[in-house]
Each structure stands twice: as C-alpha cells, then as structure tokens.
Amino acid sequence: MNTPRRVEHQQTDRGTIPVYATGVVEQPWDDYSSVDHHVWGELFARQREVLAGRACQEFLDSQNVLQMTADAIPKFSELNPILREATGWELVGVEGLLPEYTFFEHLANRRFPVTWWIRKPEQIDYISEPDLFHDLFGHVPLLMNPVFADYMEAYGRGALKAHGISEEALLNLTRLYWYTVEFGLIRTDAGLRIYGAGIVSSKGESIYCLESDAPNRIGFDLERIMRAQYRIDTYQQTYFVIDSFEQLFDATRPDFTRIYARLANQPSIRARDVLDSDDVIHRGTREGFATDEDA
Ligand code: PHE
Ligand code: CO
C-alpha cells in the first residue's frame, strides 16, 4: 500500500523515468509511518528556518494560514476547506509526476495535484522527482494568493491551448513554468525573495539562488524566458526576477498565438547566457558551472 503505483518505466535517452497511474487517489493518511511524519517534520522545520528572510512574505504567511506545522504530514482534507474558501483551489492526491496533458487539465480546473508519498530519510537533501514535500510545502502556499491562483489556472488553460498548437509552443510554456512557478524570484522592498516551489523545497538552492555570485539574476521578460533553456540536474544558472505577481499575470494575459509564431523563428538561449538586452540585476561569475550542454 505504501508504495506508489508505477504503471511502467519509460526508457528515454536520459535513462529510465517513472510514469505513474494518472488517476486521482485518496491521500492514505492513516498509512503514513512515523518515519514519513518525521521526514516531513524535519524538512518542514529546516526549511522554515532557512526561508525566514529568504522566501517572500506571501509564501510564509500562507503556510501559517494553512496551519502547516512540523508535527505531522498535513491532511489534504483539512487544507482543502481553507484553500477553497481563499481562492477556490483544491488539492487532489496523485501517485506522482503526471503526463503533461493531465496535469494541465487539473490546473485549468483549479485542482492542484499533490504527490501523496514522501521521500525517504536518505533523500532528505535531494530527490530527483517531486514528492509530497515539494508539492505541498512548495507549491500549495501561493495558491492562497488570489493573483497567483489566477495565474496558475490561466497557465493550465494556456498550456492546453499550446498543446494543440505545436510541440514548440508547449516547450515555450514549459520554460515559463520552470522559470516562474518552479524557480522564480521576486523583488521586494526588503530585497530579493524566493517564490519558486523548486527553490523553497531545497535547502541548498534556497541559499544559493540569493547568495551565490555564480548564477545570473535577470529581470522578468516573457519572451526572453520562453527562449531560455534550463537544467534539471543542477542548481539554476539563471534566475528571473518579477516585481510582483500582478506583473507576472499581466504579462501573460495577451493571446500567445502570435508570440509562439514569432518565437519559432528565434534561436533558444543557453541557460547561462546573458544578452545585451537583458535587465541584469546580477551578472553571474559562472563559478562551478557544469561544462556540458543544457538538458
Ligand atoms: N495568455 C496565454 C495564451 O493565450 C495563456 C497563458 C496564461 C499562458 C498564463 C501562461 C500563463 O496562450
Ligand atoms: Co513542482
């Protein structure tokens, strides 16, 4: 019971990736072991400490409103009424990473899929696929923010549309998700802060993204981001900085159909590269960057 149901393992050029059953599942809360709760508690306490003064206030405050604590893995059934009341979003349990189309359908209907299982103690510092800690601790708090909540739904709708246009259009949108929802930074009066879920669920990257001189930090630019390659196997080489969630949502309001057509004729940009036209907040030293090509 306590192992996710993998329907098959897909062989790709980058190795074997798990593909999970795509249905929605009840969170098997009673089946979590004391080790599971302990892993949650340890990660929760550690990240709350790291994120004070690093994550944006909206993120930290929403975790409090949702009453997430280190004591035990939260119950989706207790988070849902709070979330529904705030922005109309709802969490659904899933076995793991979903096929793109299924994932976008959930977003378009204001359902956020959360992996029900949590990593093992030996994976506390690193896990290569999203688990409950990443999905719940990382993604769910900002769904309490009305503007971000609307952005996520619009993204889901936009991705379903892009899916029907071309593979390239969808890749453009995947990059946008990566550099905002997963790895976004935001400018505040107190300085740069984190809002990306991929960062807040990682201790190392939470510190690195703000304090290391190695990566670039560049002002948000929609079409620039949609051309930017990214790496899934290392900390990011470039972070994009928004001024507000309104800026992010406003930039994505136009119909992208013509943007996709325009981008189809432009080369992609390597993850580490800085363009003359970039609004550079910090030009990275690239110290310690891998020398191989981006994924
Ligand atoms: N406005 C975009 C379109 O027409 C959809 C979108 C919204 C994409 C929000 C990303 C984020 O395709
Ligand atoms: Co994620």
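From the backbone N, Cα and C atoms, a Cβ is placed for every residue, glycine too.
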Matching residue for the Fe cation site, where TrEMBL names H134, H139 - out of E85, E90, E182:
E182
Listed in sequence order, the residues of the same chain lying six or more positions from H139 (Fe cation binding site) whose CB sits under 8 Å from its CB are F112, V114, V181, A197
